[in-house]
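Asker: Found this in TrEMBL, in case it helps:
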type	residues	note
DOMAIN	53-88	domain 'Alpha-D-phosphohexomutase alpha/beta/alpha'
ACT_SITE	Ser65	active site, phosphoserine intermediate
BINDING	Ser65, Asp278, Asp280, Asp282	Mg(2+) binding site
DOMAIN	120-171	domain 'Alpha-D-phosphohexomutase alpha/beta/alpha'
DOMAIN	183-285	domain 'Phosphoacetylglucosamine mutase AMG1'
DOMAIN	299-441	domain 'Phosphoacetylglucosamine mutase AMG1'
BINDING	Glu377, Ala378, Asn379, Arg503, Pro504, Ser505, Gly506, Thr507, Arg512	substrate binding site
DOMAIN	479-530	domain 'Alpha-D-phosphohexomutase C-terminal'
Amino acid sequence: MAQWQEVSEKSKLHPKPVGLVLQYGTAGFRTNADHLDHVMFRMGLLATLRSINTKAIIGVMVTASHNPEEDNGVKLIDPMGEMLTPAWEVYATQLANAEQDHLITVLKDLVQKESIDLTNQEAEVFVGRDTRSSSARLSDAVLDGVTALDGRSKDYGLVTTPQLHYMVCCCNTRGGYGKASVEGYYSKLSQAFIQLTKSAPNRTDDQKCLLVDGANGIGALKLREMEPYLQGALKVSLFCDGTGGKLNHQCGADFVKVQQNSPKGIVMKAGERCCSFDGDADRIVYYYSDDHGRFHLLDGDKIATLISTFLKELLTKAGLDLKIAVVQTAYANGSSTRYLEDTMKSLSHFVIVRCAKTGVKHLHHVAQEFDIGVYFEANGHGTVLFSKAAEEKIQQLCDDSEGERQGAATLLKNSVDLINQTVGDAISDMLLIEAILAIKGMTVQQWDAIYTDLPNRQLKVKVSDRRVIDTKDAERKTVSPAGLQEAIDRLVERHQDGRSFVRPSGTEDVVRVYSEAATQESADALGHEVSLAVYRLAGGVGGEPKPL
């Protein structure tokens, strides 16, 4: 077949390093940019086949998110703007790891397994990239892969990851989700934000001010472009905007979350609201400094609590009986879970709480089971999903009701329009949070005071083979090795408000240990004790873990 000859010839321009093995995970492929040319070409091939298979547009985003600037990566986007389906993650891994002389065989096997008809089938792939110096070159390799299989492509150039997810969904819904352009994205979100904040007419200029750390990445560039669309409804002071710093270096959401400190070189006034994006703008965390100079982080748990409380209050006012759930992972702070399960119930704002495996694709799937599903990982990656039935009921109430019920329904409708339901979106989430704080008249300190996080610690233990760790109950309990869960249970009992779990890393032979307790000293001690248990029962390598 002439197409296979074309693929074979073009693949020689993108040779695979012998012996290199990569794994497609929740974040797609991610490694040093110098090792990714062949992967990008092959993901162009895969996206083209996926487009034929689904009879829809597929997206390919070139980014390594919060990784260092010398890294890069790639994520594929399915028709409704969601992450690539797990079955095709397997194909992605097989394609990326196929040695040069086996590439066509692997492709033919995929075509046969999925019954893909390569004759008279149109394929279209949208491609976007972040601001890394390697991204333009790697994006061209993706486009080469699309062309090799006679696919059509649209190169969106520099966009955030959520923006490309949005474009794919817009086109595949034939404009039902919005206009498939960056300008369409800015206009849709800005208008919804402006309409929402009209419900808070007493906002002062000070209340409209927000400091934003753009991680020296694509989010900074795109937020700057979006500012005129906001018409002064939000006054952004943008720093780490890429003009003088290095991508993700001592800045960005991951740095702030892990270091529990503000980006380097940033001076915050007491009580000033600040937020940080990650490198491709699909994560966000908030923070502030109090009157004593202490740093306060408001992570994904605090964001999910704020949003779910707001939406539940509106549902109550609107008289809408819709099931709203918050989907968390085992890493969610125990205080946030207790607040959602107990305190909100006493306030007649009951929401369902569910726990899913780590990874936003797992949270997204569980959130789809409810009328409204709010999901955020503690790292700040998350969004809100509305079922089609829920959206229709909200719209009907806007059209047919009056008074307080119509007002609440209108706020819900504007919230739906503001939220990027395809994937976690730092810009969309930021605007929703700012609107909620304005409508509720809350300061960042009042938001933070909704509940107090339990002190916690995250550690890792090197092991000879991470596969010896098997888990259940959304990774909260270990099944193997024998005796480990019993040991963890005994250690947890010694600490007030103690909780701990372990899970294998998805990328390296380490076991991740999470612990929390009533005091930081106790949380640290519990984390060390559990680390020792993992080391002794799960094949630890190197010296025993040392106390913090």
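Each Cβ is built from the backbone N, Cα and C atoms, and glycine gets one as well.
Annotations in TrEMBL come from automatic prediction, not curation.
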Asker: When the Cα-Cα distance from Pro504 (substrate binding site) is computed for each of the recorded positions Ser65, Asp278, Asp280, Asp282, which gives the smallest value?
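Answerer: For Pro504 (substrate binding site), the spatially nearest of the recorded positions is Ser65.
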Asker: Comparing the binding-site residues Asp278, Arg512, which residue's C-beta has the most other C-beta atoms within 10 angstroms in this structure?
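Answerer: Result of the Cβ crowding comparison: Asp278.
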Asker: Of all the binding-site residues given, Pro504, Gly506, which has the fewest Cβ neighbours within 10 Å once its own Cβ is left out?
Answerer: Gly506
Asker: Under a Cβ pair cut-off of under 8 Å, which of the recorded stretches 53-88, 120-171, 299-441, 479-530 contacts the domain 'Phosphoacetylglucosamine mutase AMG1' (183-285) most often?
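Answerer: Top-ranked stretch among 53-88, 120-171, 299-441, 479-530: 299-441.
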Asker: With an 8 Å cut-off on Cβ distance to the Ser65, Asp278, Asp280, Asp282 Cβ center, who else from the chain surrounds the Mg(2+) site?
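Answerer: Along the chain, the qualifying residues are Thr63, His66, Thr160, Thr161, Gly217, Gly219, Ala253, Phe277, Gly279, Ala281, Arg283, His381, Ala426.
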Asker: Would you list, in sequence order, the recorded positions among Ser65, Glu377, Asn379, Gly506, Arg512 whose CA lies within 10 Å of the CA of Asp280 (Mg(2+) binding site)?
Answerer: Ser65
Asker: Output the single range from 53-88, 120-171, 479-530 maximising the number of Cβ pairs under 8 Å to the domain 'Phosphoacetylglucosamine mutase AMG1' (299-441).
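Answerer: Comparing 53-88, 120-171, 479-530: 120-171 has the most Cβ pairs near the domain 'Phosphoacetylglucosamine mutase AMG1' (299-441).
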Asker: Which residue, of the binding-site residues Asp280, Asp282, Glu377, has its CB surrounded by the fewest other CB atoms within 10 A?
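Answerer: Looking at the binding-site residues Asp280, Asp282, Glu377, the Cβ with the fewest others within 10 Å is that of Glu377.
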